[in-house]
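Engineer: Pulled the feature table from Swiss-Prot, pasting it below:
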type	residues	note
BINDING	Gly33, Gly34, Tyr35, Asp51, Phe78, Asp95, Gln102	S-adenosyl-L-methionine binding site
Amino acid sequence: MAEAPHIPVLLGPLLRAVAPVEGTWVDGTFGAGGYARGLLEQGADRVIGIDRDPAVFRMAEAWAGEYGDRLRLVEGTFSDLDSLAGGPVDGVVLDLGVSSMQLDQPERGFSFLRDGPLDMRMGGDGPTAAELLNTAPEQVIADVLYLYGEERASRRIAKAIVAARPLSRTGQLSDIVSACLPRPKPGQSHPSTRAFQAIRIWVNDEFGQLVAGLAAAERALRPGGKLAVVSFHSLEDRIVKRFMQARSNSAGGGSRYAPEAAREEPAFTLPFRRAIGPDEAELATNPRARSALLRVGIRTEAPAGRVDPAALGLPLLSERRA
């Protein structure tokens, strides 16, 4: 039997939260296939694995055949999951952000710890990080760093990036960012963490994809179907939280985030009052899980509605990609 893929964060809590697992599920961020395999082992009749990165399907060839036609792999973005699934589904799983697999490949340009080409694209299309940073106005770069990375030194870093252009390597970008920030104290994250996160989100339109993907999941799920979303930082989780509050009418009367949704029949119920995080055992074996949060919604019989990105707190640039 082929070696199993790595176990993704919060797999156990996710499978328990959506039990019983049955019918057809969509793994909208297939990656190394850990969630898809977990769903299949727990009783899903079929899993449709979607990913925008064609490399993940080549890696899955070593083990995917074990499941025969129970596993179907589709290249695409989870923002189109309702059309890619080809019909109603019983569950949707989304694991947001960059995968450890992508971080471990310097040639993909995601890591500030290993020098590589300044790419950061999850798929093979669209402009690279280098192309965007080398052509965008300084103000747009500053907005990206501040809105997508919550980087307080955004203006200083943007000015340094423009002064150093053209950029072509991740190491070059990391050195520029680090030179603009104080040396980190023991236990603090790398100085480039927030900037690399922000630029990656920009390159891949991750927040736009997230809002569209949540809406697509609402359209795709049968009544009683389950939506499970794992996020890794506060900006992602805020969007997911507000979506679920808005679509379940649980934000409270008069919420400024969902004034229209509160007048609609709820599209989801929320089985858990709070997000689910990792336990001590998982943290001991997988430090990457420390910031992970799982939110779950259960689809009602209400028709799918319109999702207003502004109502979800989606950070909006004044100028898209320059």
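Quick reminder: no glycine exception, Cβ is built from N, Cα and C everywhere.
Since we're looking at a predicted model, the values are computed, not measured.
Give me the local environment of each listed feature.
Structural biologist: Neighbour list (Gln102 (S-adenosyl-L-methionine binding site), Cβ cut-off 8 Å, at least 6 residues apart, same chain): Asp53, Arg108, Phe110, Met122.
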Engineer: Sequence gap of 6 or more, Cβ distance under 8 Å: name the residues on the same chain that satisfy this around Asp51 (S-adenosyl-L-methionine binding site), in order along the sequence.
Structural biologist: Thr29, Phe30, Gly31, Phe57, Leu73, Glu75, Gly76
Engineer: So among the binding-site residues Gly33, Gly34, who's got the most Cβ atoms within 10 Å?
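Structural biologist: The residue with the most neighbouring Cβ atoms within 10 Å is Gly33.
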